[in-house]
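Let me begin by presenting the structure, written as structure tokens, before commenting on it.
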Amino acid sequence: MNWDDTTDAASAEERLVGSVADREDQAVEAALRPKDLGEFIGQEKVREQLDLVLRAARARGATADHVLLSGAPGLGKTTLSMIIAAEMGAPIRITSGPAIQHAGDLAAILSSLQEGEVLFLDEIHRMSRPAEEMLYMAMEDFRVDVVVGKGPGATAIPLELPPFTLVGATTRAGLLPPPLRDRFGFTAHMEFYEPTELERVVHRSASLLDVEIDTDGAAEIAGRSRGTPRIANRLLRRVRDYAQVKADGIIDRDIAAAALKVYEVDARGLDRLDRAVLQALLKLFGGGPVGLSTLAVAVGEERETVEEVAEPFLVREGLLARTPRGRVATPAAWAHLGLTPPRSTAAGGGQQDLFGA
Ligand code: ADP
């Protein structure tokens with residue numbers, strides 16, 4: 001495998017429940033990645049469809065169609081791209097949109113691909129416009145025009161490429177311009193994982209890491225992993241440390257809960273920042289509505305941090321709603337922090353209108 005990677009993922013979001021890979025994740029994830037579709041847990045529909053696409057291509061002796069994978073970080077897009085290469089018996093090249101700022105960067109990668117090679121392009125929506133346009137032709141005709149020289153003397157030299165499979169990954173397929181989206185033969189959307197699936201991920205990783213864990217211990221970690229295998233694996237490593245230092249190394253429910261209490265990851269997977277936002281919303285602003293800037297000042301964070309780091313998960317969990325009049329806590333938020341909502345909320349007045357009830 002050839003890492004052609006300069007992603008800025010490591011610096012993006014270094015928190016225990018962050019879904020972007022940090023340096024430690026990058027170092028250990030290779031050992032935990034499922035190697036074939038049979039080992040890949042969950043995502044039944046995607047697996048079934050991809051299995052058909054790959055089997056058919058193999059039967060025809062052809063290169064697989066281009067594949068677009070969309071979904072949040074940490075759900076297994078890189079892993080699936082490696083599985084596609086493995087199932088096709090092909091080598092894989094890994095790069096990312098931000099690493100390809102010039103069409104020339106892309107031309108260099110494309111022209112060095114081997115026949116049948118899988119090119120994994122992470123964060124494909126962040127590629128530069130000229131590179132994107134070059135990619136259209138490469139995907140469709142396995143050809144690129146390399147422009148040599150500048151101004152009136154510039155000439156386009158056509159370059160034939162070997163057939164290859166592009167696997168593009170993006171957080172949302174809607175971020176891609178339709179002409180690019182249309183050039184993928186198969187598009188799959190990856191969902192967040194169910195707790196039972198994450199339990200299987202935790203058991204599998206524990207056995208690969210030689211860590212002893214019981215069913216309840218795995219369930220405890222899975223429940224706090226925000227639907228994301230990467231987070232499940234990271235929490236497992238932290239709980240393993242705790243179990244080694246404070247107990248006999250074996251993880252059960254009590255050990256997992258005690259360890260994650262130390263790391264301030266609560267029963268629903270909220271961390272210190274998430275809870276600070278909810279607490280400010282409930283205790284200082286009576287559950288809202290309150291403007292984003294005011295809320296950010298109250299927790300001593302940047303607006304963007306609250307909006308992009310804390311809120312998406314709180315909204316997904318049904319704890320916070322973004323309304324035209326500001327941020328509003330849901331009844332579940334009051335319950336989660338063990339607080340009693342003011343009477344108007346409890347009685348279904350005031351705030352209820354904001355949800356359109
Ligand atoms: P993404 O590319 O979507 O950010 P990755 O493919 O890098 O996510 O997956 C992150 C980690 O989660 C990997 O170490 C991998 O082992 C694990 N993982 C992801 N999906 C699965 C799965 N379906 N089954 C088991 N482990 C998984």
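Note that Cβ sites are derived from N, Cα and C of the backbone, with glycine treated the same way.
Just so you know, TrEMBL annotations are computer predictions that nobody has curated.
Annotation comment: TrEMBL describes 13-193 as region 'Large ATPase domain (RuvB-L)'. Taken from TrEMBL, the feature ATP binding site applies to L32, R33, G74, K77, T78, T79, E140, D141, F142, R183, Y193, R230. Per TrEMBL, the feature domain 'AAA+ ATPase' maps to 63-194. Positions annotated as Mg(2+) binding site by TrEMBL: T78. Annotation source TrEMBL lists region 'Small ATPAse domain (RuvB-S)' at 194-264. Look at TrEMBL and you will find 267-357 tagged as region 'Head domain (RuvB-H)'. The DNA binding site annotation in TrEMBL covers R303, R322, R327.
All features noted in TrEMBL, drawn onto the structure.
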residue : record           : DSSP class
L32     : ATP binding site : helix
G74     : ATP binding site : coil
E140    : ATP binding site : helix
Y193    : ATP binding site : coil
R303    : DNA binding site : helix
R322    : DNA binding site : strand
R327    : DNA binding site : strand
Neighbour tally for R327 (DNA binding site), based on other Cβ positions within 10 Å of its Cβ: 25
Listed binding-site residues R303, R322, R327, filtered to Cα within 10 Å of E140 (ATP binding site): none
Sequence-ordered binding-site residues from E140, F142, Y193, R303, R327 with Cβ under 6 Å of an atom of ligand 1: none
Between R303 (DNA binding site) and G74 (ATP binding site): CA-CA distance (Å): 24
Site of maximum Cβ density within 10 Å, from binding-site residues F142, Y193: Y193
Between T78 (ATP binding site) and R322 (DNA binding site), the C-alpha gap once rounded to whole angstrom: 31
DSSP residue counts for the region 'Head domain (RuvB-H)' (267-357), split into helix, strand and coil: 49 helix, 9 strand, 33 coil
L32 (ATP binding site) to R303 (DNA binding site) - Cα separation in whole Å: 35
